[in-house]
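Undergrad: One structure is given below, represented as structure tokens, and several questions about it will come after.
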């Protein structure tokens, strides 16, 4: 390890809300290599990279450049030490030209003025030097995504970056653009730059990286030469199961289909398909799981089911109990008996400053039993809130405590309590146990199974394979907006096999995936 | 032991103490007899029945606008339009107080309701613009203040002005229109009862009805409200209507309760003061009473001070500015809150 | 109608347009700078009022109009600095901070005026100085243009110059580039080591600087004394002008001129028996209409884009 350019030793990062994002992570970067950090969402890649770029400081552990310990207080410190970063969400000023974006913060001067000609010259010179062609005078808002990324790379290079961190750089690119990027990265490597490449796309990692550090659950699972590991091995390390959950599931026959999605397709502005030809059904008493690496269309699918894509067209149908809901508003959809546990409990799932009781009634305060003439039925609401707090074992000082004061797990229990206690006929559960301690997670799982016994149809979207394999009666895998696999006995599916579908290495044929839609 | 949940109360108290200390410092610098002047400032408002009456009279319009602004802030709407509506509704009421002839029961009721309804409708405009097209409600409401003032002043000068009077004032109101006094020896008028009733109603509305519930949830987290199935655009328009109604009623009541002619030739400032009252009250209807009384108290104190000593009453606007700056400062005393949080976390 | 044209088509009218535009233009340029840095300074009215008073007091005590101007500018900038300190350091809400500044100024100026002169209405008892007006050689002899453009108050010329200065500052200097980047995408600015807070401090101080020039003009040019609440809404008109001008230097300057013309016209229109009170609301009405048009078109654009992006 003597020739390590940058090393991170024993990095642990605990966020103020108690989330442990990195635990004892070791990372070492050799000069002149392209080094991948691979892992699922939530594996701690982003945090590690933020620490590397001075955006976060580690709770424990240190960062060493050429063996010398350094403390990075800000991105500027990192820039000064030759570290550059290309963020996933571009850090560009849209109305500025490429040249203006390039020199922001280090503007060339002429007298008191800004020397734009020099900025253009510098941009063009840098672009030539690294063989990355850009139009220095074009406005950034008019550029394609691939071009913007080039500008970001040049921005880092012009600031003297020798180490370049790229955060999921291909996530927004077309295949052609990706190829071009790889070519550029190879050239940079030949010119002596060192590149950290964050990704969960194994093909890409295999294609251009020399070494790979695999992360899972905030820990590093080891460093490998990419030549020496197979995609299968990487996939196993990335998506392994840690604790095996076991639940007793009653064996009841499914009822009628409650949710039926038929040929749903939606695309974004660049013509990139977000969802294409999605068909599946969820029946009474059935839990259908959707597995997949995040960003493969799950979000858009959920939006289409919960009123979020109202008025934006697309093709295909989404029916709940035989009624097409694509143009219904949220209230109408909920009135059909649909409950929804959202992915983000802070943004959508709760009103932080409001009390637990207020949070519990938000989807049912209109019901007759909650009202007394024009007034809310205070005593019934209080009784309901106390009962739910007790039933769901929410640890709090009482139903009047603001929900924002609770821990993540207890907050999530409140969300789950609200959504599960209205006798839903269709429950859409999106990452229902994310960032929740194991106890609360198991409790939530039990509740989902209870609803299943009560004949509720459940669509479960989760990045947690334990959860999805154990709870689901049948399982869909999404990759790039499509259903690439369907299993009707998920507990028999190995995570390794699943990983191959999730990462796009394997896919089933149409006939197999078509079985998901056997409501027709 | 200080607890985090008392933090907001402690902070408010600290702001008030700092503001008073600054007041004392200013007085000490300016006055030849600082101790005596401070005494006047602090105790004169309580010295006679008339002075106590002054405090309450002053608090009435502050309660109206404070309540209106509280509701808007509760819905997380940054609208400062209460100022213009207060003024304009006063003009509308003036017109009816002069030109209608009704008995002394109906006359004020009709005049005040007309002012309130006009206020509600005017207030709805920024609300609709916000709800439908996301037009910044702050800028529109600030522009509306000036527009309403201009139009109101025009109506005063061209239609309501008493040419025989020496100043720019309206004709005298019909006696039947004026609000009756509640207590002999003071000018406290029935507007006090009206505003207290409104505050109780607002409390019930906010905490006991489903519309109030929707309003609160929309204010805390509009995404959450929408996700739960609430029609947040309607909620936003509704709160604008209600707040405009209350602010308008405030202007109408003030005109009929305190004056016999309309005589504002500039914006009276109660709308902006309402923002201060709402902030001190943490947007809580019942607390509006206390914070309006507090503000009225220090104003009357300053008024007395300027009459009985050598310090002008305008000092109070400096104090108000300090209170606003500190009370809305998120970071003020935050370090202390963090320390308390840490301590409680350790104890737990 | 003829009588109106007779009033408007005179060099006197054109001259007076520039005269009344001056304070609006200064403050609008100030509002422009802070807005471009992403912070709405609604304390313009207050800053102008304070600097108007400071100019009178300092010039009266030093018997120098120029030192008075310096005093006005320093005090106005100081007020902006206080606002900046509270909003950027203590995270006071910027709008409420602006409300506080206006409240402070409307009473505080009267308070200080009374302490120094014993009068709450105006500064007649203070022997304050005014800044000079300037006849421009050669130009003053040209017919029509001469009487319109020559003989103005020095700050009027300075306000026109300021348009160029602000344009240059925002579009041609490193500071301007940073100000615009902070207003448009603070994360981008931060990521390349630009201190967002420091830039916003500078922008607020600059907005105070320009607003206080407008204030100084009011009491040391437009009038030769301070009177209570003498800004009379010009700070708000300036904010409106900046908003109507869509936050561009040229747009802001032209709208200021337009609003100045409306102001000058309100006197002229009285010939036609159109009330001045209503004319005075024109800038605000225009701004609301402009805002609505903008908001509606933005919403349409967004919807269209969303539709285009998702259906395609």
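Numbers run from 1 along the shown chain.
Positions of Cβ are set from backbone N, Cα and C atoms, glycine also.
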Undergrad: According to TrEMBL, which stretch among B:235-259, B:260-284 corresponds to the feature transmembrane segment?
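TA: Transmembrane segment, as annotated by TrEMBL, spans B:235-259.
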Undergrad: From the ranges B:168-187, B:188-207, grab the one TrEMBL calls transmembrane segment.
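TA: In TrEMBL, the transmembrane segment feature sits at B:188-207.
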Undergrad: Near the transmembrane segment (B:235-259), which residues from the same chain, at least 6 beyond its ends, have a CB less than 8 A from one of its CBs?
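TA: Residues 57, 60-61, 63-65, 67-69, 71-72, 74-75, 77, 79, 81-82, 85-90, 92-94, 97, 108, 111-112, 114-124, 126-128, 130-131, 173, 177-179, 187, 189-191, 194-195, 198, 202, 205, 211, 214-215, 218, 225, 268, 270-271, 274.
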Undergrad: Where, among B:12-31, B:85-102, B:188-207, do we find the most CB pairs under 8 A to the transmembrane segment (B:314-333)?
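TA: Result: B:12-31.
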